[in-house]
Amino acid sequence: GSMVTAGQVDVARRLALLIITSDFSISFSAFSLFGVKAVSPTIIDENGGAVITVQGVGFTNATDALVYCNVSGAVFLANVTSTSLLTCKTTKASSASSVCVLDAVNIIFANLSSRATSNTLVGIYRPTPATLVTAVSELGNIGFGAYDTNVSVTISGFGFIETTQASCRFVRVSDNYVFFYSTVQFINSSAVVCTQYPTDPSSETTGFQYSHDSAYYSTNTYAPYTIVGPTSNVTSVPANLTITADSVSSVPEVLVYLTDAYGNKRLSLETNVYTFRCTSIQPILQIAGNVEDVTFSNSSTVVVSTVNGVATFSTVGILTPTVGTLTFYYFRTQDISLATSVEFTVVAGVAAALVVTTSTAWQAGVYSDLTLAPAPTVKATDAAGNIVSSAEAFARVIYTYATKNSDGSINMGTTTQYADADDQGFYVFSFVSIKTVFDTDAFMVFSLGDVPEVRVLVPQEICVTGLEYALTGTFSCANCPANSVCDGTSTVTVDAGYWRAAADAFEFYECTPSEACPGGTGCATGYTSTICAACDDGYGKSQGACAKCFSKAVNWILTLALICAFAVIVYVLSIGGMTVTCLRDAELTKVEALQHNPLSVVVIIGVSYLQMLTLIPIASLNMPSWMNDFITGSATGSKLNPNLSFVGCLFAGNEAETLTVVLFVIPIAVVICIGLSAVSSYLRTYKGVNMNTAKAELHLAVAKKGTATDLNLRLDLANALAGRNRAHYISIVQDHADLFGEGAQLLVSLEAEKQAEIAQRKIDLKQRLLNMILVSVLVALFFLYPTIIEYAANILNCTTVDMGSSHPSKSVMTKDPSVDCSSQEYQHTSIVAWGTLGGLGFGIPLLNYFFIQILRQTTCG
């Protein structure tokens, strides 16, 4: 074994000298009597600068003794405060260090044989500076805070170490001017919490810096953080500065921020809500009501309220902006001093349309060749109308050019021409000569790349106005037809009072009445059908003109009134004027012939003459209009005329139907005649004058004229003298028996005479009834016969109407062109008309002859 056999302590030199003896040798050893026990702080930034405190033993503070610290490969002078405590200011580590590797701290006594400690257990860690990324206040504000608040701020980054010596400072980045320091609360290696204290708003870039040891703050990394003052101004941030022209162009999004006096954005620090407006004119002009320089697509999008201190204008649209610069102003509606502006550049959009410069002087040739002057010009524009430079080298036009083939047919061809753009982007097409035929469009079709093509119609040249009209589909003109006006085109305006079937029909028909046709293919109100000859629904024909229908009840009342008037006329001209109605009447008329009233005979003769007037073509004669109207009206009144509006409204819409109505009138007239005859014959037989008395009165009148009385009539004369007093009558006969002869004997058989009178009256009733029926029917047929024959003849008379070149001609009734002569209805009506002419045309005259023979037999014996 070994043992210390001798020793000595050198206090001044902090050295122990020992002699060690063993079994086989003696050795000498020297031991230092100083050492390191602890160091604080233990975390020191690798860049140095922090002061560390070293605790140990045997430290000397002799003035002639130099003590050094050996840390991280660097040796620097220590400041010894006592035998157990000294401090050293660290410097930058000479070699790479790590937060995970302990750098031992040793002490060197430089002038004491340069002895040093060889400690490996006590030391410090030398991490690299932490890297700072963001600073977020406890209010959630990223990178900013209010000037008048005291809030915690979380610093995010990496390289943080948990140490009590760590600290933050808030600095001006440009010169590292420190506004305040803050302690640090360690969270983890990527986040720590510092404190923001109230301070002046940031006028320059500011931020937080971090130190592991409160000594070294890296100037290469900081967490941006702005101290924001009170609201004082606004600023705008556009997404971009370019507006692409379109029919509705979107203005790039603009964010209008409320700021303090230094331009720092208030953001969520702003609790007030402000309303901002976007305008294209100065704010002071806008609030004065001046018109905007642009048209906004939606006025509601130009007014926005702030949210967290920001007004977001993201949906502003304007209509068709012009290429150039455009400034928008954004201002607070209640305080225009808070205003900002953004200048945008408007650029042309994509080519969307072709614009052709046309001229009213252009005409397409028809019967001549014409070149368009001025020449057609085309430009490509965007949807806002701005000229767009096209990538296409040439624009094209295809235009009409018609030619006539050798066989006379027309070839509607086209011709193509190309043009390149001039300096201003216009395409000019020179020497465009268009030719077409009348009423065929002459056109030009312009195209350029993918831009939609444009079709331009060119008006045609026209014929001589007032003298000619254009023949559709040809190169020729024709003379203007009579009763029309021509404007040089294919349009021929028909004079009022004339009708045409179609625009391509050039035969015009005179209308009756003339007011039925305003001129052309249409009809006046209430008229319809071919040549406007029929009445429209709700109208009925009256004397050839269409009149609005009355109500159905009124129409029936008028129809019944017409029937009653007809019955009165028939009665007056037949039964009312009959003197002889039976054989006994005939005996009276032998003496009364001179006293007969000839009124009915005169009227009937006059009516016959008026009926004859209807055979005269009055309308074609050259006579004064008043005379024409008088004769026509008189002739119309001489026969039954069913051409009345209420008849048309109820029964007959045209001439063919009217014939059926007229034929139905015949049985109605016969029934009326029978009724009138029955009543009249009864009244005249039983309520009229006694025949014997009448004969006596007649002979008395003859006697007063000095005429001798026949013996067989003297009894009647005596009866008349007695004034129908039976006793007086008997007295006269008995007193003058010599005058009456055998007649005086008749007085003994008065009752037999009475019975004979009753039997005779029955015979008179039958004779009168038959006679009155025959005479009244003859008078009724006298009125109906011309009407029936006229309507039947009119039905069979058809004419041809020109319906135009695109339709075949049409056969219609001459009297009523609304009736189609080729229709099934007309075929049936024509058969009735032929039957009417054959049956009634010849039957009524024969019937009249037989009636007359019967009358002669029943009245004359």
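Using the three backbone atoms N, Cα and C, a Cβ is placed for every residue, glycine included.
For the domain 'IPT/TIG' (37-106), the number of residues in each DSSP class (helix H, G, I; strand E, B; coil) is 0 helix, 35 strand, 35 coil. Taken from TrEMBL, the feature domain 'IPT/TIG' applies to 37-106.
The transmembrane segment annotation in TrEMBL covers 556-578 (among others).
The feature transmembrane segment is assigned by TrEMBL to 599-619 (among others).
TrEMBL lists 661-683 (among others) with the feature transmembrane segment. Within its own chain, the transmembrane segment (661-683) is flanked in space by residues 563, 566-567, 570-571, 574-575, 581, 640, 642, 647, 651-652, 765, 768-769, 772-773, 776-777, 780-781, 784, 787-788, 791, 832, 836, 840, which lie at least six positions past its ends and keep a Cβ under 8 Å from the stretch.
Sequence annotations record features per position, and here TrEMBL assigns transmembrane segment to 769-788 (among others).
Sequence-distant neighbours of the transmembrane segment (831-852) (same chain, 6+ residues past either end, Cβ-Cβ under 8 Å): 659-660, 663, 666, 774, 777-778, 781, 785, 788-789, 791-793, 795-796. What TrEMBL records for 831-852 (among others) is transmembrane segment.
Regional average pLDDT for the domain 'IPT/TIG' (37-106) in the model is 85.
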